[in-house]
């Protein structure tokens, strides 16, 4: 069978695309007021801050790995992180430890080769969370929690890019902001999500063109997801 020059070019293009595809992470933060509408918290959440949902390995083609090993969650490896995890990574519907166990076993076990230990997995998420201050970035653009104001999602993305240097993905539930996903490359540096993932599935995740950013509701005991 004859091999044409065009077919060689096509094969090289496919190989080049495959070679350029790199794994990355989503750092996912949730707005507790909306998250509690989704997960039916026992009580309304306390505080005015986004909390960590997870650090999720993903592939450039829009797929993601999960439950990659049988390595179990071990709290004793995280002693010096527990206070910050309770503060920044609380569950909203149950026990924090159940939530952390789920995040480690589903996502953390797939975080290699960049991250190979539980300590480093949770420490990386905490560090990134504290580096990317969503609340201050939005407030600087006069985007503040309100039960009566609707914001353009594009304006929220622009405010975060202007303040933090990178454009995230915004997800919503029933017209309210639910989560902010920042893209983290294999060197654990933040980058624009348009650069991190080129698959069409990655660019269909701004689930609402306009969102409300609802006020925190009450002061609740911290529960878990």
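Note: Cβ is positioned from N, Cα and C throughout, glycine not excepted.
All annotation found in TrEMBL is predicted automatically rather than curated by experts.
The signal peptide annotation in TrEMBL covers 1-21. Per TrEMBL, the feature active site maps to 53, 103, 107.
If you measure from the Cα atom of residue 53 (active site) to that of residue 107 (active site), you get 11 Å. Listed in sequence order, 54, 55, 56, 57, 66 are the same-chain residues six or more apart from residue 107 (active site) with CB atoms under 8 A from its CB. Contacts of residue 103 (active site) defined by a Cβ separation under 8 A and a same-chain sequence distance of 6+ are given as 54, 55, in order along the sequence. The number of other CB atoms found within 10 A of the CB of residue 53 (active site), across every protein chain shown, is 23.
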